[in-house]
Amino acid sequence: MAATDTPWRPFRQAGALRRPMIDPAFVQGHPAYPDAFAQFFAGHGRYGHFAERVGNRNSRNGWRRRALAPGPAVGAEIVARHHEAAAQAGQGGDAARHQHRVDRLGQHHVRAAFEQVGRHFRLRGRSEHDRHRKGIVGADSPAHPPHQIARLLHAEIRVHHQKVDHFRPEVVFGIVAVVKAQQIPASQHAKGAGDDITAAEVEIAQQGAHTWGVVGHGLPSWQERTTFWPPAFRSPSDRSATSEFVAGLVNIGLSRLDKIWPGMPSSRFGFKRAYEGFMHVYRSHTCGQLKAADAGIQARLSGWVHRKRDHGNLLFVDLRDHYGITQCVIDVSSPVFAALDKARPESVITVTGKVVKRSAETINPRLPTGEIELQVAEVEIQSIADVLPIQVAGDQEYPEDMRLRYRFLDLRREDVHANMMLRSRVIAYLRQAMIGQGFTEFQTPILTASSPEGARDYLVPSRIHPGKFYALPQAPQQFKQLLMVAGFDKYFQIAPCFRDEAGRADRSPGEFYQLDFEMSYVTQDDVFAAIEPVLEGVFKEFGKGRAVTPAPFPRITYADSMLKYGSDKPDLRNPIIIADVTEPFRGSGFGLFAKLVDKGAVVRAIPAPGAAGQPRSWFDKLNDWARENGAGGLGYIQFAADGPKGPIAKNLEPARVEAIKAAANLKDGDAVFFACDKALPAAKFAGLVRTKIGNELDLLEKDVFKFCWTVDFPMYEINEETGLVEFSHNPFSMPQGGMDALLNQDPLTINAYQYDIVCNGVELSSGAIRNHRPDIMYKAFEIAGYSAAHVEEHFGGMLNAFKFGAPPHGGSAPGVDRIVMLLADQPNIREIILFPMNQQAQDLLMQAPAEIAMERLRELHIKVDLPKPKKEVKEG
C-alpha cells in the first residue's frame with residue numbers, strides 16, 4: 001500500500017480547525033476497511049447527503065457546520081489492517097514510516113473523539129445534564145445506569161440547544177468500531193489484540209452493532225430519514241437498553257485499547273481519564289444489576305455496607321442499595337483496604353473495580369448478583385455510620401417503639417423495604433386500572449368543614465378567623481358527590497383520610513389512604529362491576545400466586561352474614577357456619593338458656609368439626625377464654641361415637657339434642673358451642689367463637705383471597721343506651737323504597753342501598769348508592785332525630801347543590817392500606833405504612849404531637865385548658 005493512499009482529505013470551515021474527513025471514494029472497496037464500514041460510509045450514495053445535513057445550520061437537529069472525522073471508527077481498523085499490510089509488504093524504512101504515520105493517525109482520532117466527549121461534559125456541567133435526565137433515560141434511571149456517554153448521546157438528539165458544537169457524532173461509531181476490531185482474527189492483529197475476547201463480549205458487540213445499524217445492514221432506513229440516530233431511541237425502555245449497550249461497548253473498548261496499540265498505553269492519551277468522565281460519579285450500575293455477562297467490565301457501585309467478612313488476606317463486603325446486594329472483594333495488600341476495614345455497617349461508600357465471575361463453589365443462588373463479585377480498586381467513603389441502635393442485616397426482632405423511633409433504619413431492612421415497594425406498585429396499579437375504566441383523577445380539599453361522620457375530626461384553627469376551625473376530611477364524601485353534581489361522570493383519587501380514633505391491628509390512628517371513587521347514573525350492580533375487576537386484578541398481580549375469588553364476587557345480606565358468620569365482614573376461608581338453635585332450647589330442661597329465651601334472647605350454635613375427641617382441658621381453655629371476653633362461659637356438646645356428652649346434653653331431651661345436631665349440620669365426632677343473648681350481642685360473640693375455633697383447629701383455607709359483598713344494611717338501628725333511632729351506617733345512603741319506605745315502614749325494617757367489600761374477614765370498603773334528593777334527605781335525617789336546620793348547617797353545601805339538579809350516583813372507597821396489608825401478609829397495618837404512629841397516636845420519630853409555643857397559640861387566639869391531674873389518695 002503506497003504511503004500516498006491516505007483515506008483522509010481536508011475539510012475546512014470558517015473559524016474552525018482543519019479536521020480530517022473520510023473520502024468515500026477511497027473507502028469504497030478499499031481492503032483496509034471491512035465491507036460493513038464501506039457500506040456505511042459509501043453505501044447507497046447517502047454519504048454526501050449526510051454530510052450536507054451535518055453542515056446545515058438550519059437543520060432540524062440544530063447541528064452546527066462541521067466535518068465528520070472517523071475517530072476510532074476507522075482508526076482502530078486502519079492501525080490493525082495497515083500493520084498487517086506493511087508486514088506482508090516488507091517495505092523496510094518505508095514500512096516503518098508508514099506504520100508510524102497510521103499509528104499516529106489512529107491514536108489521534110481515538111484520543112480526540114473520546115476526550116471530546118469528556119470535554120463536552122465538563123464544559124456543559126452536570127447540572128445541565130441532570131436537567132434533561134428524565135427526558136433522556138426515563139424516570140427509572142437507576143435501574144438502567146445513566147452512563148455519562150449514553151446520557152450525552154441521548155441529550156444531543158433530544159435537547160435542541162446551541163452547545164452541540166462540542167459533540168462529535170463519530171463517537172458513536174467509534175465505540176462500535178473499537179469493539180468490532182476485536183473480532184478480527186488474532187493473526188491479523190498486532191500482537192494478538194483479540195485473542196482473549198470472550199463469547200459474551202462478541203455477543204455484546206454483535207448485538208450492539210446491529211442495534212446501531214452498522215453491521216450487515218448497509219445504510220439503514222433511519223438514515224434515509226436524515227436522522228443520525230437509531231430507532232432504539234423511540235421509547236424510554238429502548239433508550240435504557242441502548243444505554244446499557246453503549247456502556248458495555250465502552251468497557252470492552254477500554255479493556256482492549258492497549259492491545260490495539262501495543263506499546264502506547266491508553267493513559268498517555270488521556271483515554272482512561274476521558275472514560276472516567278463517562279462513568280457516573282457515584283455509580284455505573286446498581287447493586288442488583290451486575291450479572292455473569294458483565295464479567296470483565298469496570299463498574300462503579302454506591303451503597304450501604306450491609307455486612308463485612310474478614311477472611312484473613314481478603315475482606316468481603318456486601319454492598320447494598322435499593323436494588324439489591326453485590327459482593328465486593330478487597331485484598332489486604334490493597335491501599336484502600338484500611339479505609340474500608342474501618343467503615344462500620346451502614347456506612348455509605350462508593351467502590352470502583354472489575355467485575356469477575358465467582359468460582360462454581362462460591363456462587364450464591366439466593367442473590368441476583370450471586371454469580372459475580374467486584375474486585376475493588378478504588379474506595380470513596382461518602383459517610384460513616386454511628387453504632388446502630390437496631391441492626392439492618394438479619395431478622396432480629398426489636399420493640400415497636402424502637403423501630404418507630406429509628407424508622408429510617410427500620411425501612412432499610414429487607415422485609416420492610418419490600419413492603420413499601422409493594423405499596424408503591426399497588427397504588428400505581430390501582431391508578432392505572434381506574435384510568436383504564438374511564439375514571440378521571442381529581443384532588444379534593446384537605447382543609448374543609450367539620451361534619452359528623454362517625455369519628456372525631458382533626459381540627460385546624462384559623463388565624464384569620466379567630467375562634468373558627470377547619471377540619472381534616474374523614475373522607476372526601478361530600479366533595480366527590482359534588483363532583484357528580486358538577487357533571488363529572490366518573491371520579492377517583494388515592495385519598496388521604498383523617499380520623500381521630502384509636503388504632504388497632506387493621507387501623508392506623510390518625511390517617512389512612514383509600515381508593516375513593518364515585519360514578520353517575522349507576523345502580524348498585526354497576527358499582528360492583530366497576531370495582532370488582534380492579535380488586536381481582538390487583539390481588540392476582542401482587543398475590544404471589546394465591547387464589548383469588550373470581551368476579552362477580554358472592555353477595556351476602558347483612559342479616560345472613562350476622563346469623564351465619566357472626567360478623568358483617570365474614571372470613572369465608574373459615575368453613576364454620578353458625579346456626580340458630582333458639583327453638584330447641586325454648587322450654588327445655590336447660591334452665592339457664594330457657595329463661596333467657598323466654599325474655600327474648602336467641603341461641604346460636606357454633607360447630608367445631610372433629611373436635612369431639614379433644615381432651616377436657618381443651619374445652620376448659622375455651623371456657624376461660626370466653627370469660628376473658630366478657631361472656632359468662634361457653635357451653636358445649638360433644639357428639640361422641642357413644643352418644644352426646646357434656647353438661648348441656650345431660651339436661652336436654654334426646655329429641656332436642658337431635659334437633660340441634662340437624663340444625664347445625666353436625667355429625668358424630670363433632671362438637672358444638674353455644675352463645676345465648678339478645679340477637680346482636682349473641683351474633684357478635686358467636687362470630688368471635690367461630691374465629692377462635694377456626695384458628696384453634698387450623699380450619700382456615702390457605703393461600704387464598706376470599707372476597708364477598710355484604711349488602712342490604714339496615715338504614716337505622718336502636719341506640720341501646722338512649723333507646724332512640726339512629727343511622728346504622730352512612731347517613732347519605734339512599735333508602736331502599738325511597739320516600740315511600742320512609743313514610744310507611746317501621747324504620748328498623750328499612751334497608752339502605754349500602755354495601756361493604758370484604759376480603760378474608762377484613763373490610764376493605766364501605767359504599768352506597770347516594771341519597772341525591774333533598775326531600776328524601778330531609779326525611780331520612782328527621783327519622784334519625786335531626787332537624788332541617790341541623791342538616792342545612794352541617795351539609796348545606798351539598799344540599800344546596802342537590803337543589804340544582806343532581807344525578808343518581810354511587811361509589812365506594814377500598815382502603816389502600818388494608819389491601820397492601822393483605823397482599824404483604826402482614827398482621828399489623830403499621831408494617832406497610834412508611835412512617836406510622838403508634839397505638840397512642842404518637843409519631844416517635846418526629847416527636848408529634850408536641851407542645852406549641854405560647855406566642856403561636858396567641859396568634860391563633862387559643863388558650864389551652866389542660867385537665868387537672870388526679871390527686872393520689874393516701875392511705876391511713
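Just so it is clear, glycine is given a Cβ too, placed from its N, Cα and C backbone atoms.
As recorded in Swiss-Prot, the features of this protein are as follows:
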{"type": "REGION", "residues": "1-278", "note": "region 'Unknown'"}
{"type": "REGION", "residues": "279-876", "note": "region 'Aspartyl-tRNA synthetase'"}
{"type": "SITE", "residues": "H311", "note": "site 'Important for tRNA non-discrimination'"}
{"type": "BINDING", "residues": "E453, R499, H729, R770", "note": "L-aspartate binding site"}
{"type": "REGION", "residues": "477-480", "note": "region 'Aspartate'"}
{"type": "BINDING", "residues": "R499, D500, E501, E763, G815, V816, D817, R818", "note": "ATP binding site"}
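Highest Cβ count within 10 Å among the binding-site residues D500, E763, D817: D817. When the record's ATP-binding residues R499, D500, E501, E763, G815, V816, D817, R818 are compared pairwise by CA position, the greatest distance found is 19 Å. Considering only the recorded positions H311, H729, R770, the residue whose Cα is spatially closest to the Cα of D500 (ATP binding site) is H729. Note on H311 (site 'Important for tRNA non-discrimination'): other Cβ atoms within 10 Å of its Cβ, all shown chains, come to 9. Taking H311, H729, R770 as the recorded positions under consideration, the smallest Cα distance to E501 (ATP binding site) is found for H729. Note: the Cα of R770 (L-aspartate binding site) and the Cα of D817 (ATP binding site) are spaced 25 Å from each other. Residue counts for the region 'Aspartate' (477-480) under DSSP, split into helix (H, G, I), strand (E, B) and coil, are 4 helix, 0 strand, 0 coil. Of H311, R499, H729, all annotated as recorded positions, the residue with the shortest Cα distance to R818 (ATP binding site) is R499. For E763 (ATP binding site), the nearest neighbour among the recorded positions H311, R499, H729, judged by Cα separation, is H729. Under a cutoff of 8 A between CB atoms, and with a sequence separation of 6+ in the same chain, the neighbours of R499 (L-aspartate binding site) are A455, R456, D457, Y458, Q474, G510, E511, F512. When Cα-Cα distances from H311 (site 'Important for tRNA non-discrimination') are compared across the binding-site residues G815, V816, D817, the shortest belongs to D817. Neighbours of E501 (ATP binding site), defined as other CB atoms within 10 A of its CB across all chains, total 15. DSSP assigns H311 (site 'Important for tRNA non-discrimination') to coil in the three-state reduction, placing it in neither a helix nor a strand.
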